[in-house]
Amino acid sequence: MSPGRASSVSLMLLLLLSLAATVKAAAIIPQSSACPNTEAKDFLQNVKVNLKVFNSLGAKVSSRRPSDYLNRSTSPWTLHRNEDPDRYPSVIWEAQCRHQRCVNAEGKLDHHMNSVLIQQEILVLKREPESCPFTFRVEKMLVGVGCTCVASIVRQAA
């Protein structure tokens, strides 16, 4: 048997094995009475969801990676992994400001400026309820996407 043929046979066996494991795993998951009946004729078997986000700015967008900014900013941040297997997307990277203050050109903290988290609301798909493996709901989620500098609020004693 040729190497190409052997690898395609191996791939086919691997796919069959994973399908068998999936079917076996699906049979074990207990179904709540609140779950929709997936065997019913009127149950929608396939749903196509377009999750692509189109860039309305086209070629005007900089090709510079966002990771360049998190270190060069006067309000630097770190990215933290937020993982939830019952959510799509299951992994979301969230920003957290490194300091309460901003960093000046010399790399020292500027006590006249505050570092503030920039947040963006996104939509995610959440599995609902946990006992219904094929049911999802749309949920809003507030995600930190970066940090910026703002002037400190100075209150004068009267």
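Here the Cβ of each residue, glycine as well, is placed from N, Cα and C on the backbone.
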Q: Return the single candidate from Cys132, Cys147, Cys149 listed in Swiss-Prot as disulfide-linked to Cys97.
A: Cys147
Q: From the candidates Cys35, Cys102, select the one that Swiss-Prot records as forming a disulfide bond with Cys149.
A: Cys102
Q: For Cys102 (disulfide bond), list the number of other Cβ atoms lying within 10 Å of its Cβ atom.
A: 24
Q. If one measures from the C-alpha of Cys149 (disulfide bond) to the C-alpha of Cys97 (disulfide bond), what distance in angstrom results, rounded to a whole number?
A. 10
